[in-house]
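Okay, structure first, notes after.
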């Protein structure tokens with residue numbers, strides 16, 4: 001990371017007691033290496049109905065020895081190119097059922113294959129492919145089916161056997177950390193990029209009123225955010241990871257939007273965030289802790305008062321989207337007496 005070394009290597013003592021004494025002044029307190037952004041696509045071709053998983057994988061290893069750093073000895077180093085090949089070979093051997101299960105397969109492989117590896121960290125991001133749906137009636141152009149049908153057919157709406165559509169509503173990711181000396185499997189799943197907006201049923205009033213305040217009470221405002229949510233499992237054996245991810249996403253959306261007809265009041269971003277986290281822990285007993293971040297994406301009312309001759313009356317229809325600066329609200333909710341890596 002430095003453009004030039006602070007001292008030339010030739011000026012340092014390379015051997016002898018003085019060099020050993022200097023080395024003992026310092027210790028490596030954190031380390032690791034790996035391969036990032038390994039892209040892999042797996043197609044399950046069993047039967048006429050195909051399924052796909054496209055992932056971006058990162059594998060990082062921590063070795064017991066420091067000799068690769070301190071001595072330039074690479075005898076324990078599993079090359080990052082070998083780690084890349086491992087991703088493809090294990091995808092071929094085991095398939096990819098979910099990001100979490102594949103990450104566990106990779107992490108267990110590195111620990112069981114290389115005795116000199118102390119810890120493995122696997123990060124996986126899934127590309128949001130969804131099975132395509134089509135209206136099989138003759139009414140082309142008069143209606144459509146949304147691509148979230150849960151059954152093989154729904155009236156005139158039919159799920160395609162082998163065609164998919166990219167639907168980046170939200171991104172699925174996970175982190176798996178396995179340590180040789182710790183029997184606990186750390187599995188963290190997450191959602192990011194879930195952008196939502198509602199035009200009413202949001203307020204923000206009765207906050208601190210002092211000499212720094214200029215914002216008036218907001219009794220009815222636009223509420224928009226880009227949700228990032230992560231959760232850690234205390235039980236990884238009995239959980240259906242794909243179902244759990246969809247459940248968390250549904251909980252977040254429902255607590256934000258409420259009933260389709262009447263909505264749900266949101267007195268603050270904090271309260272909406274808390275309700276979502278609480279329901280995640282209520283519904284998913286395998287989850288020990290959940291963390292959420294909800295930046296407040298502002299939409300400010302355009303002031304039409306100076307233009308009453310052109311557009312008379314009040315304005316509650318035209319707003320100015322403002323990305324920066326923005327508020328950021330976050331919280332972590334845990335079951336009592338449980339620790340996490342979030």
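All positions are counted from 1 along the displayed chain.
Heads up, the Cβ atoms here are built off N, Cα and C, so glycines get one too.
Note that the structure is predicted; figures quoted are calculated from it, not measured.
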Quick check: of 204, 207, 256, which does Swiss-Prot put in the same urate site as 80, 81, 221, 269, 270, 296?
204
Report, as a single number, how many Cβ atoms besides its own are within 10 Å of the Cβ of residue 80 (active site, charge relay system).
16
With residue 298 (active site, charge relay system) as the reference Cα, tell me which of the recorded positions 35, 221, 270 is the closest one.
221
Which whole-number value in Å describes the distance between the Cα atoms of residue 80 (active site, charge relay system) and residue 35 (active site, charge relay system)?
5
Report, in whole Å, the straight Cα-to-Cα distance of residue 35 (active site, charge relay system) from residue 204 (urate binding site).
45
Same-chain residues six or more away whose CB lies under 8 A from the CB of residue 296 (urate binding site)?
223, 224, 225, 269, 326, 327, 328, 329
